[in-house]
Amino acid sequence: MIFGLSIAFWITALFTVAGALAAALLKNLVHCALSLTVTFAGLAILFLQLDAQFAGFAQMLVYIGAVAILVVFAILLTRGAGAPEYRIYTSSWLAGIAIAAAVFALLAWSVITSLPAGAGSAAPDVTVLSIGQALMSTYVLPLEIVAVVLTVALIGAVIVAMHDKGDAKTHEQKGGAQ
Amino acid sequence: MNFQALTLPEKLDQLFVFVQHWIMGFFPAHWQPLVGALVGVVGIVASFPAIFALTTVLERKGLGRMQNRLGPNRVGPLGIFQPVADGIKSLTKEDIVPVSADGVVHFLAPVVLVVAIFLGYASLPIGRNMVLVNIDAGLLFFFAVGASTELSIFMAGWSSRNKYSLLGAMRAVAQMISYEVPLLMSAIVAVMMTGSLSTVKIVEAQSGFTGIFPHWYVFTPWGFAGFVLFVIAALAETNRTPFDLPEGESELVAGYFTEYSGFKFALFFLGEYLGMMSIAGFGITLFLGGWGAPFSFLNFIPSWAWFFLKLLAALCFFIWLRGTLPRLRQDQLMNFAWKFMLPMTLLNLMVAAAWRFLGDSATGAWLRWVLCAGVLLLAYVGLGRVLMRKQRLGARSYRYAE
Amino acid sequence: MLGEGIVKGLAETAKNFAGSFVSKERLTTVQYPEERVEPIENTRDFPFLVYDGSDPMAGLRCVACQICEKECPPKCIYITKSTDKKPDYVGKPQIYPARFDIDISVCMSCQICVEVCPFEAIKMDTEFELSTTDRFEGLILDREQLAKSNEYYNKIHPTEAAEVDARLAEEKAKVEAKAKAAAAAAAAKAAAPASGETTAKPAPQKDPAKEPGA
Amino acid sequence: MTPLAGFLIVAALVFAIGLAVALTRRNAIMVLIGIELMLNAANLNLIAFWRFSPHPEALTGMMFALFSIAVAAAEAAVGLGLVIAYHRHTKTTDLDAMPRMKG
C-alpha cells in the first residue's frame, strides 16, 4: 500500500518518536505511561501501513489494552503517581545518553549506507486465515512454547506480586491472560 | 449493480448504498474512495447518536414505568424532545475543571473515549453491503480499539485528582480488563464456526434458513451459551447495571466522571451509550444473525431495518435489566468473572469444537445436540451449585488499604 | 439454581411495566403545576409573621423580643428593635421590629422559632414556590414579605390557628376584664384623686408550657 | 530514502530512546518502559523487513513479531510484578536506592 514515504507515514512516525521522547523526558510517571501509549498506538498504525493488519491489531490489543494498563497500575501501586521532588535521572545519566546516542549513530549509519532494498513486492495477501494456518502448521512448536511461557509468566507474576494472604492477584493475572 | 433493475424490497435494502454511490458520483475518480468513506462516517456519526438520544428517553420512560412512574413527559409530545433539552442544557453549562486537576489529561480523556468508541463502529455491518471498512480482521479490530477505552477512563479518573474519581476509574479498569477475557472467549466460538474474523462473513454464515427459521448461532447450544456469556461480559464491559460499580453513586458520587461537567460530561454519557450500542451491535452480528431477518417470509423488510430493530431490542433488554437488578459487590464481581465466566467460556470453546467435529450427518446432528447441550447444562448447574454452596458469590470478605 | 432470581426479578419488573399502562391507579405521579395535591395540615416549610387587622405593619404581633433570633439553630433570623413603641393587640404599647429578615436559604424548617415565641407572632408557612433569580438577596425575606394575616394562618393551619385564637381571645378578655375591673375600681374611688392606673394593669403573662399545635 | 530505510530509522530512534530511558531513569518502572520501547522498535524492524522482503508470503517476520509481542506481554507482567514485590519490601522503586540488588 505504501511505497514512497507518504504523509501518513511521516505523521505517524512523528507521533511515535514524540511519544517515546515524552516518555523519556516527562517527570510524572503517569504522563510517561500515557505518552508511552501514544508510541504504542503509533507503532500499531505503522504496522497497519506495512500491511500487517493482524500484528497491528494484536499490538493495540496487547500493548494499549494490557501492558499500558499494567504499567499504570504498577505506578499507582508503587505510589509513583505524584511528580518526584528529587531528580529523575540516575547519577550515571551522561554515560547512558552517550551509549544510546552511539547505538543510534551505529544503527542509522548502517541503515543509510546499506544497499537500497528493492522497491518491495506488491502488498502480500495475508489473511487471518493464512496466519492461523501458519501458526497451526509451521509454527506450532513456537506457539505451544509461547503458551507455556505465558502460563508460567501468569503464575509467576501472581506468586511474585501476591501477598502472603493471597489476595492481591487481580491485576497481574490480566497481562498474562491476553 | 443497476438500481432500476432491482425489485422494490431490494431497492429499499440498498437505498443507502446507492445514496453513497450517488454522492460519490459528483467527485473525480481519484477522490471517490475518500468521499465514500466520509459519507459512511457521516452516516454513522449521525445515526448512532440519534439512537443514543432515543435510548435516553426510552430508558428514562421505561425505568419510570417499571417503578410505576410516568417518566419525562414535559418536553414535546410524551416527552420525546427531552434529549434536545438535555443537550442544550449540557452545552450551555459551565465547564468546571478542578484547580488541581491535570488539565491536558482531563481534557483529553472524554475525547479519547468517544473517538475510540466511534472507531469501533468501522467494522460493524449495519446492513447488506453496509459496512464502513470490510477488513479481514474486523472483529479483532473492534476488540483492539475497544481496549483503548480503558485507558481513557483511567485518564479521566486519575487526572481529576479526586479520590472518588480515582477509585471509580480503578474499579472500571479492573472490571473491564477482567471481563474482556470472557468477552473475547465467548465471541471466539462464532469465529470458530465461521472460520473468519470478518464481521461480514460471520453475518453471511448465519444468513441461511431451514424452513422459515434462520441459521443464527444463538439457536445452537454453544451459540446460546456463548450469547448469554457475551451479554453478561458486555454488560460488565460497558459498566451497565448490575455491573455499574464504577459509578456506584451511593459510594463514589459518580465514579470516574465525578469532576466532569457540561459538554465533557455529555461526551462521557455519549461514550457510554455508544459503547453499549457498539457492543450490542457486535453481539447481534456474532450470534443474532446481524442484519438477517428472523423468519424467511420477512425478508422483504430492508436489512438495515432488521439491524436497528435488533439493536433497539437489545437496548430495551439492557434497560429492563437496569430496572431489575441491584448492583454487585466488588468481590462478587471478580469471583463471577474468574470462577464462573472464565471456566464457562473455556468449556464453551471446547463444546463448539466438539460440535464442529461431530459432523452434520443425520445421526450426528441429534447426537451433537444432546451431547453439547447436556455438557453445557451440566456444567452450568454444577458450577452454579458449587459457587452458591461455597458462597463464593455471596460471602463477604474484607480487605483493608495498606 | 444460579440465575433463578434474575428471571423472577425480570418477571416482576415486566409486570410493573405492563401494569403501569393498564391500571392508572398504579401511577402515583401528580402533574404538578397543573394538578396539585392539597397540603396536609401539618405541612411546614419556612416561618412567617402573623398580623391582626388590615394593616400588616401596624398589626404585627411581634414585639422584637429576639428570643427566636437567639434560639434559631442555623442563625437565619435578623431582628432590629424599633426605638419607639406602638400599641399591641391589647392596646399596650410595645416595641416592634424595625427590621425582621429571615434568610430562607439558611433556614432548616425546624420550627424552633415558633415553639419559643411567647406572642404567637411567628408561625410556619406552607408556601413552597419561593424560587428567585437572585440566590443571595432574593432569598432573604424582609418584614413586608414575611407578614401574613391571621386569616391566612387560619386557612393553612385551621386547627392550630383556632387554638391560638381562642387562647389570645381568652387572654384579651382577661386583660379587658381586669381593665374593666380597674376602671370600675377607679370609678368607685372617683372621689379620691386617682394615682397610676397603668401600674394596676398587669402585662399579659403567658403559660410557658403552651401547646406547640395540633 | 527508501521506504524500508524510513521505517528502520524510526525503529532505530525509538530503540535509542528506549535504551536511553532504561539507562538513565532512576525509577524501576521507567526502566521497564524503556525495555518495552526497545522491544517495540525491534518489532517494527521485524515487520518492516518482512514487508519489504522478496517473499512476504512466508510470514516469517510477522510471526516473529507476533511471538515477540506475546513474550513482551509476559515480560511486562513478570517485571512489574517484581517491581511491586520489591516495593512492598523496601517501599522504594528507586534504582539508586537498591544496593542490596547488587550481585
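The backbone N, Cα and C atoms fix where each Cβ goes, and this holds for glycine too.
Going by TrEMBL, these are the annotated features:
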type: TRANSMEM; residues: B:37-58; note: transmembrane segment
type: TRANSMEM; residues: B:103-126; note: transmembrane segment
type: TRANSMEM; residues: B:138-160; note: transmembrane segment
type: TRANSMEM; residues: B:181-203; note: transmembrane segment
type: TRANSMEM; residues: B:215-236; note: transmembrane segment
type: TRANSMEM; residues: B:265-291; note: transmembrane segment
type: TRANSMEM; residues: B:303-321; note: transmembrane segment
type: TRANSMEM; residues: B:333-355; note: transmembrane segment
type: TRANSMEM; residues: B:367-388; note: transmembrane segment
- Message: Quick check for me: are there 3+ Cβ pairs below 8 Å between the transmembrane segment (B:37-58) and the transmembrane segment (B:333-355), leaving out pairs under 6 residues apart?
- Response: no
- Contact between the transmembrane segment (B:215-236) and the transmembrane segment (B:138-160) (3 or more Cβ pairs under 8 Å, separation 6+): no
- Message: Please determine whether the transmembrane segment (B:333-355) and the transmembrane segment (B:367-388) are in contact (criterion: at least three Cβ-Cβ distances under 8 Å, sequence separation 6 or more).
- Response: yes
- Tertiary contacts of the transmembrane segment (B:138-160), as residues 6+ beyond its ends and Cβ separation under 8 Å: 98, 101-103, 105-106, 108-110, 112-113, 116-117, 119-120, 122-124, 131, 166-170, 172-173, 176-177, 180, 183-184, 187, 191, 197-200, 202, 237, 246, 255-260, 268, 271, 275, 278-279, 282, 286
- Which bits of the chain, at least 6 residues beyond where the transmembrane segment (B:367-388) starts or stops, bring a Cβ under 8 A of a Cβ in it? 220-222, 225, 335, 339-340, 343-344, 347-348, 351, 354-355, 358-359, 394
- Query: Near the transmembrane segment (B:103-126), which residues from the same chain, at least 6 beyond its ends, have a CB less than 8 A from one of its CBs?
  - Reply: 44-45, 48, 97, 132-135, 138-139, 141-142, 145-146, 148-149, 151-153, 155-156, 158-160, 199-200, 203, 259-260, 264, 267-268, 270-271, 274-275, 278, 281-282, 285, 290-291, 304, 307-308
- Sequence-distant residues near the transmembrane segment (B:265-291) by C-beta distance (under 8 Å, 6 or more away from its ends) are 48-49, 51-52, 55-56, 87, 90-91, 110-111, 113-114, 117-118, 120-121, 124-128, 130, 139, 142, 146, 149, 156, 187, 190, 199, 202-203, 206-207, 214-218, 223, 226-227, 230-231, 234, 237-240, 257, 303-304, 306-307, 310-311, 314-315, 318
